[in-house]
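Feature annotations, reproduced from TrEMBL:
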ACT_SITE  HIS190  active site, proton acceptor
BINDING   GLY12, ALA13, ALA14, GLY15, GLN16, ILE17, GLY18, ASN108, GLN115, VAL132, GLY133, ASN134  NAD(+) binding site
BINDING   ARG95, ARG101, ASN134, ARG165  substrate binding site
DOMAIN    6-155  domain 'Lactate/malate dehydrogenase N-terminal'
DOMAIN    160-326  domain 'Lactate/malate dehydrogenase C-terminal'
Amino acid sequence: MSKKPVRVAVTGAAGQIGYALLFRIASGEMLGKDQPVILQLLEIPDEKAQKALKGVMMELQDCAFPLLVGMEAHSDPMTGFKDTDYALLVGARPRGPGMERADLLAANAQIFTAQGKALNAVASRNVKVLVVGNPANTNAYIAMKSAPDLPAKNFTAMLRLDHNRALSQVAEKTGKAVADIRKLCVWGNHSPTMYADYRFATIGGQNVKDLIDDQVWNETVFLPTVGKRGAAIIEARGLSSAASAANAAIDHMHDWALGTGGEWVTMGIPSQGWYGIPKDTVFGFPVTCENGEYKVVEGLPIDAFSQKCIDKTLAELEGEKDGVKHLL
Ligand SMILES: NC(=O)C1=CN([C@@H]2O[C@H](COP(=O)(O)OP(=O)(O)OC[C@H]3O[C@@H](n4cnc5c(N)ncnc54)[C@H](O)[C@@H]3O)[C@@H](O)[C@H]2O)C=CC1
Ligand SMILES: O=C([O-])CC(=O)C(=O)O
């Protein structure tokens, strides 16, 4: 028997990540090749953006995806999120000339407060939310705080791009295949302060830290390369990461919905006090997923260097939380 369609909302649907994301959702790469989807696409109420969205929808139609059983265009989250089962919040205000970080936080706080409230009012009570728009962790925190009737654990932020970047750097350094790397994780904020951690990682049963055996490389090459990769892409492409960001969003939602078979992945999730991270701070943790739920990998030893890195990324996140406190 064929499955009942699920509703997938995507904001910023006419943007560059949207363009790399929607076709893969519609083809079944996110939720499975047997799962029909209805796309609920949101863009700002601006003639140019809505027209561009119409164009993307024409292209989606032209793909004749068997799993795409419905498609809607919206400019209001109160209609765009109606009964939605999965919400990918990609649309956000980018930093403009002369804008300080606090201005960006304030502009995005308005977007994510409104979207959190709309999800609270009209989405499925089990909606799974992924925030991609930057600053992703704090935007997820704002949306979560604006949706008190939904489970806080259902609001997540995207750290998967950092996780995937770290996997590829480790594969390159060791000369091994990405597919053979297990138990890597990224702690903290989706920003240059994130802490990519390969201390527990293995390749074919061998410990990656022992295999690399180079703390100088870890501190001076690996961490800055992963942490500043977003800026390096902007410098090279003149635009921020889009296909790799969309790919990470697909991975995040796929694994959350369909499980990781015991493997570790990284998700930005509201802390319940794990590893001393204050409750509700949206922080990157190692998790496994099963039956539509994520579970933090607990009890990992944190050495002095790792604690210092975790403290730094946490301090940044607490500062961001402080910066939006008055808006919540
Ligand atoms: N968490 C992560 O790992 C990554 C996050 N990002 C972030 O993702 C966001 C989107 O990136 P791009 O697609 O490249 O940007 P883009 O500028 O190409 O597209 C963003 C789209 O969102 C729309 N939008 C803005 N506010 C909206 C709202 N309130 N409701 C609905 N739509 C809205 C805009 O009209 C635009 O079409 C940015 O904030 C970017 O910094 C990008 C890469 C990785
Ligand atoms: O750095 C940016 O602006 C985009 C981003 O989040 C990334 O590529 O990690």
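Keep in mind that glycine also has a Cβ here, set from the backbone N, Cα and C atoms.
Annotations in TrEMBL come from automatic prediction, not curation.
With a cut-off of under 6 Å between the Cβ and any atom of ligand 1, the recorded positions GLN16, GLN115, GLY133, ASN134, ARG165, HIS190 reduce to GLN16, GLY133, ASN134, HIS190. Residue with the densest Cβ environment among the recorded positions ARG101, HIS190: HIS190, by other Cβ atoms within 10 Å. For GLN115 (NAD(+) binding site), the nearest neighbour among the listed recorded positions (ARG101, ASN134, HIS190), judged by C-alpha distance, is ASN134. For GLY18 (NAD(+) binding site), the same-chain residues that are 6 or more apart in sequence and have a Cβ closer than 8 Å to its Cβ are VAL10, GLY12, LEU41, VAL56, VAL90, GLY91, ALA246.
Long-range C-beta contacts of ARG165 (substrate binding site), restricted to its own chain and to partners at least six residues apart, with a cutoff below 8 Å, comprise ALA196, THR225, VAL226, ARG229, SER244. In this structure, GLN115 (NAD(+) binding site) is part of a helix by DSSP. In this record, NAD(+) is bound by GLY12, ALA13, ALA14, GLY15, GLN16, ILE17, GLY18, ASN108, GLN115, VAL132, GLY133, ASN134; the longest C-alpha to C-alpha distance in that set is 20 Å. Counting every protein chain shown, 25 other Cβ atoms lie within 10 Å of the Cβ of ALA14 (NAD(+) binding site). The shortest Cα-Cα distance from HIS190 (active site, proton acceptor) to any of the binding-site residues (ALA14, ARG101, GLY133, ASN134) is found for ASN134. Listed in sequence order, the binding-site residues among GLY12, ALA14, GLN16, ARG101, GLN115, ASN134 whose CB lies under 6 angstroms from an atom of ligand 2 come out as ASN134.
Look at the Cβ of each of the binding-site residues GLN115, ASN134 and count the other Cβ atoms within 10 Å; the largest number goes with GLN115. Counting only same-chain residues six or more apart in sequence, the Cβ atoms lying under 8 angstroms from the Cβ of GLY133 (NAD(+) binding site) belong to THR11, GLY12, LEU89, VAL90, GLY91, ALA92, ASN108, ILE111, PHE112, ASN139.
Helix first, then strand, then coil: DSSP counts for the domain 'Lactate/malate dehydrogenase N-terminal' (6-155) stand at 67 helix, 28 strand, 55 coil.
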